């Protein structure tokens with residue numbers, strides 16, 4: 001029998017489901033965001049009108065030109081609300097953070113190379129760095145899965161199965177706290193965000209969506225420690241590795257359960273040999 005996994009549905013059905021999902025997202029985002037955008041646009045126009053009224057020495061075209069200068073500065077990574085004494089966006093910590101966003105394909109969009117040499121280097125750096133990062137995350141996730149499986153096999157002989165499952169649950173909860181809960185709290189405290197905004201930033205970052213609406217270490221009014229963005233980059237790498245571990249195990253279990261050849265293996269490994277544990281079984285099928 002041919003192997004049938006998560007992609008067992010027919011191509012036309014998969015295409016239909018994919019574009020239906022995109023259309024649904026487009027409609028919902030439009031309903032949620034369009035009115036707010038209109039309100040913001042009207043508010044900006046009102047503020048601009050009040051500004052011209054209060055400062056009669058300025059005219060509309062001059063103000064529009066100044067706004068374009070501000071937008072250009074923002075596109076080049078310069079915060080218009082700061083001054084020339086602000087920390088550089090290309091110090092070592094910020095450059096390390098930027099390099100991490102390149103190889104992880106997050107690409108916030110708030111900072112990019114502005115020189116031709118920098119743009120050319122970025123292209124070749126990404127061509128080599130993205131596959132290297134994917135291989136690193138895959139290998140790290142697989143290694144963690146195998147080591148956890150060995151630890152589990154060693155514990156099976158000395159602790160009851162129920163105690164072992166509690167240990168594994170505690171392990172995953174601890175990892176989730178370290179990578180998905182505590183960092184948003186720290187970012188919220190340092191950046192002055194709400195926890196919801198901090199968690200939103202963490203999710204958008206670790207899912208490699210990277211909108212760029214929230215980025216750490218970009219407020220010119222705050223005095224960050226020199227390694228702040230560097231530490232944020234390290235968090236991104238290890239959090240992605242943690243997620244790779246979780247996804248590796250989850251995909252292995254789903255493949256084990258839902259592929260036709262895997263049904264027999266699942267009954268033998270996942271069910272009949274349940275005392276061996278979940279990690280041990282998944283580690284076998286992930287090799």
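Backbone N, Cα and C define each Cβ position, glycine as well.
TrEMBL: automatically predicted annotations, no manual curation.
Annotated transmembrane segment per TrEMBL: 12-32 (among others), in sequence order.
Annotation comment: TrEMBL describes 84-144 (among others) as domain 'Potassium channel'.
Look at TrEMBL and you will find 92-111 (among others) tagged as transmembrane segment.
The annotation transmembrane segment is assigned in TrEMBL to 117-137 (among others). Listed as Cβ neighbours of the transmembrane segment (117-137) (distance under 8 Å, sequence separation of 6 or more from its ends, same chain) are residues 99, 102-105, 240-241, 244.
The transmembrane segment annotation in TrEMBL covers 163-186 (among others).
DSSP states for the domain 'Potassium channel' (172-249), grouped as helix (H, G, I), strand (E, B) and coil, give 54 helix, 0 strand, 24 coil. Summarising the annotation, TrEMBL assigns domain 'Potassium channel' to 172-249 (among others).
Taken from TrEMBL, the feature transmembrane segment covers 198-216 (among others). Packing against the transmembrane segment (198-216) from elsewhere in the chain are residues 101, 104-110, 179-180, 183-188, 190-191, 228-229, 232, 236, 239-240, 243: each is 6 or more residues past its ends and has a CB under 8 Å from a CB in it.
Here TrEMBL flags 228-247 (among others) as transmembrane segment. Through the fold, the transmembrane segment (228-247) approaches residues 92-94, 96-97, 99-101, 104, 106, 136-138, 140-141, 144-145, 172, 175, 178-180, 183, 187, 190, 202, 205-206, 208, 216-217 of its own chain, all at least 6 residues removed from its boundaries and within a Cβ separation under 8 Å.
Each residue in the domain 'Potassium channel' (84-144) gets a DSSP state, and the totals come to 41 helix, 0 strand, 20 coil.
Taking the domain 'Potassium channel' (84-144) as a whole, pLDDT averages 86 in the prediction.
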